[in-house]
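Undergrad: Below: one structure in structure tokens.
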Amino acid sequence: MKNKILFIDRDGTLIDEPINTFQVDSINKLVFKKYVISSLRKLVELDYKLIMITNQDGLGTESFPLQDFSTAHLFMLSVFRSEGVIFDDILICPHFLDDDCVCRKPKIKMIEPWLDKIDLKKSYVIGDRDTDMQLSNNLKIKGIKYKEDICNWLHITKYIIKHNRYAEIIRRTKETKVSIKVWLDLEETSKIDTGVKFFDHMLEQLSVHSGICMNISVQGDLDIDDHHTIEDTGIVLGEALLQALGKKNGLSRFGFYLPMDESRSNCIMDISNRPYLNFKAKFNHKMAGDLSTNMVEHFFYSLCYSMKITLHLYAEGKNDHHCIESLFKVFGRTLRQAIKIEGNMLPTSKGIL
């Protein structure tokens, strides 16, 4: 199985590199880079494997005794481990540049056991030197150059998350043009414009309560009615969510939510690859704002079948606005549960989902 792997430099990237000796040979010289621990913990939670790869010039010689290195290095690892950050491998080249060894970065000799396991599209080399970027080129994966002010661990983590569970789909028909981007793990303000203001408001509720950032742009034949606009938005949004989920390893898969307020609603979801919708809600009027109320069920039907989920969605209430809003909110809350990553196992006994 291919893995999302971060190949991370040590000195200058995980910890400060002493400007005089360039050697972290005592605990007193050990200074962690800002935000590095919390950032790596977040990336581990998103199922990234961590591999430390470092050149340590002359390690084991009189100029850099192994014992001095090990004391600080092992203490560093213990701090990371105490915060839930465990490296899957640690690769160290002890040679000088002039030794012309086979293992020194940016050569890939040390990484050979991992070469067949790298997800090339979602793996990165992270480091502060040009040699780290050369390593990324040699591995044919993206490189991220660490810089304290403009590309620190907050920036790096945000970038990786943004490109992790992400999808973009554009769909054109004679009736509509729908463009949707989704980021499952990025909580930022969404940009939504379907031409139907009430529908925009509902999609914003879905985004907020699911924790999913969505950029949705729709041009449709609203001069006729809102049918194609709502239907095609549901289709494309479902396709985008399905694509962003990827292989589904570690996926929670199931979700349920039962909020109680002026309008009552509940939702049960299974990301099952078996589309089915059981929808129960009645509305008192044909329109809620500029949205046809009969299109609410059709939206969830379209999304359900394109995302390939099993969905039970119920609501009742006297006010159509509140009732519809509760449906989108409860769906978002349930979706938030179901897309959460918990471990690395595929959540099915069938071996495929």
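Even glycines carry a Cβ here, placed using N, Cα and C.
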Undergrad: Please pick, from Asp100, Asp116, Asp119, Asp128, the residue that Swiss-Prot records in the Mg(2+) site together with Asp9, Asp11.
TA: Asp128
Undergrad: Which residue, out of the recorded positions Asp9, Asp128, shows the minimum number of other Cβ atoms inside 10 Å of its Cβ in this structure?
TA: Asp128
Undergrad: I'm trying to understand the geometry here, so how far is the Cα atom of Asp11 (active site, proton donor) from the Cα atom of Cys101 (Zn(2+) binding site), in Å to the nearest whole number?
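TA: Asp11 (active site, proton donor) to Cys101 (Zn(2+) binding site), Cα-Cα distance: 20 Å.
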Undergrad: Return the member of Cys93, Cys101, Asp128 nearest to Asp9 (active site, nucleophile) in space, with distance defined Cα to Cα and candidates limited to these binding-site residues.
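TA: Closest by Cα: Asp128.
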Undergrad: Taking only the Cα atoms, work out how far Cys101 (Zn(2+) binding site) lies from Asp128 (Mg(2+) binding site), in Å, as a whole number.
TA: 22
